[in-house]
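What TrEMBL says about this protein:
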type: TRANSMEM; residues: 31-53; note: transmembrane segment
type: DOMAIN; residues: 100-525; note: domain 'Major facilitator superfamily (MFS) profile'
type: TRANSMEM; residues: 184-204; note: transmembrane segment
type: TRANSMEM; residues: 210-229; note: transmembrane segment
type: TRANSMEM; residues: 241-265; note: transmembrane segment
type: TRANSMEM; residues: 271-289; note: transmembrane segment
type: TRANSMEM; residues: 353-371; note: transmembrane segment
type: TRANSMEM; residues: 383-405; note: transmembrane segment
type: TRANSMEM; residues: 412-430; note: transmembrane segment
type: TRANSMEM; residues: 436-460; note: transmembrane segment
type: TRANSMEM; residues: 472-494; note: transmembrane segment
type: TRANSMEM; residues: 500-520; note: transmembrane segment
Amino acid sequence: MKVSLSITGNMTDYEAATAFIGEWGRFQQEVFFLLCMSIIPNGFTSLSIVFLADTLPHRCLIPAHVNLTAAWRNSSIPLEADSPSGTLVPSKCARYKLQDVLDFSDRGLLPGVDVNLSHVSTEGCLDGWEYDRSVYNSTIISEWDLVCDDRWKNPLTSSIFFCGVLSGSLISGQLSDRYGRKNILFVTIAVQTVATFLLVFSQSWVMFCAIYFIVGLGAISNYVTAFVLGAEILGQHVRTVFSTAGVSLFFAVGYMLLPLFAFFIRDWRMLSLGLALPGFFCVPLWWYIPESPRWLLSQGRVEEAEAIIRNAAKRNKIEAPSVIFSPLQIELQSDQRKAYNICDLLRSPNIRWLSITLWLVWNTVAIGYFALSLNTSNLHGNAFFNCFLSALVEIPAYTLSWVMFRWFSRRLSLSSTLFMGGLFLLLIQLVPANQIFLAITLEMMGKFAVTTAFAIVYAYTAELYPTVLRNTALGTCSMVSRVGSIIAPYFIYLRSYSVSLPYILMGSLTALVGLLSLLLPETRGMPLPDTITHMQRFPGCCQKKPNTLTQVEENENPAERKSLVVQ
């Protein structure tokens, strides 16, 4: 009789061995909702810069002690054309030369009557700026005068945060694969919460940026780790809901609460304090969220993995069998223990082309998502409402991502949402300047499509990579995407040159990458791979013959060689 282990043998063994606990018992429900709850503070933090660094209307300060007549004090700021409307508004960065204005005022001359203002010399805001505080009491822009010659520091602040996100994506993935999902999850939650609290005590823009970098490092780290932990603990059908709608909807809830916090807290220091507090409520979750049994098995810690499965059975009121994991599977897992790192994502042609394609997709999706999210303060109307609307759009987007992920092809779902998102953004430039609400509608539709794609690509990536590399791969994909999020603020900065330029660039990139994503292999209906040899094949890479291994794969997985035997 021939006995062999198929390519998907290990992952099938694990899912078959743990199938007795069911898919949606009390244990899975607690893991699902508690992990989702830990995501809510990320919704506050990731886009808080929209309010922390919003630019207040401003003009050059005319010192109160300067003895000017009312006419000259009201006319001391030159008018300039506003972009894109072309209407004349007071200059934000210049004033008429104060000594000349004081001389005209002392002589009793009237501006525009006795003095032609176009002939009066101008100067910079030598005495600082006067801010309109009708909306905000303060932001970091008004705190440290990040306007005019220093306005470049505004997008740089967001980019520094995303540099922290990039670093966290790289570090947390490898730490999580080495030291465990649960440990790194709670360490990074603590890092994010404490760093957000420390923002309150920033004494300079440089100090704020240094702390904000750490906030970004913690924010993405706990998001990715919670995502992977849930994907590995939950069963196949529940995992689909968790990976698409679950974590994403709770992130959107946090995002929706951000403008509500900002509406009632108009001072940036107090807002930072308010956004830090929810993180402290995550501490009790340590005693309720377990480690990933899949990860424990990959590390040879079989007794700990069995203890978690038995506890799950107990909570689901199911009697566990005397032996959960067979001796053969334990031997295979022991043989497969190997230290994997980011270099393994490029080691063989199959995983290399898969990784490069996913990196391009993640990078483009991040540009679109964060540029459109950060642009809400520039849209016509109330900044709080626009931010809330941008967050609200994500609710149906994440719901659609679950529907598409549940019943449709992963590859076609990702490709279609990216292509449609790019198309909506390209259409914005065709809208007449006076049709503001139509332009906002198209932008929100673009945000809707890009958000849907973002949720799909997270879950899709988790299914493409094996357990031994999953957190490193997700962390690396997230890290590469942060190149996109780092430059996203500068896409918005291009508005100062052309209002339509950011939409042309984002739309073109998004549509092209949507077509490129058609090259990715399909994973719908497939169990999660546990080893590199279990991965789906990228088009153009050599296919393996059934029950055979290439020399490279034999070196990577000696345990597979043991299982392909004939008795």
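Quick reminder: no glycine exception, Cβ is built from N, Cα and C everywhere.
These numbers come from a predicted model, not from an experiment.
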State the non-local partners of the transmembrane segment (412-430) in its own chain: residues 6+ outside its ends, Cβ under 8 Å from one of its Cβ atoms.
361, 364-365, 368, 401, 404-405, 439, 442-443, 445-450, 452-453, 456-457, 460, 500, 503-504, 506-515, 517-518, 520
Any residues 6+ beyond the ends of the transmembrane segment (271-289) with a Cβ under 8 Å from its own?
30-31, 34-35, 37-38, 40-41, 44-45, 48, 51-52, 182, 185-186, 189-190, 192-194, 196-197, 199-200, 229, 258, 261-262, 265
Considering only the recorded stretches 210-229, 241-265, 436-460, state which has the highest number of Cβ pairs under 8 Å to the transmembrane segment (31-53).
241-265
Same chain only, please: residues at least 6 beyond the ends of the transmembrane segment (353-371) with a C-beta under 8 Å from a C-beta of the stretch. Say none if there are none.
162, 345-346, 414, 418, 421-422, 425, 446-447, 450-451, 453-454, 457, 461, 464, 473, 476-478, 480-485, 487-489, 491-492, 502, 506, 509-510, 513, 516-517, 519-521, 535, 538, 540-541
Average the per-residue pLDDT over the domain 'Major facilitator superfamily (MFS) profile' (100-525) and send me the rounded value.
83
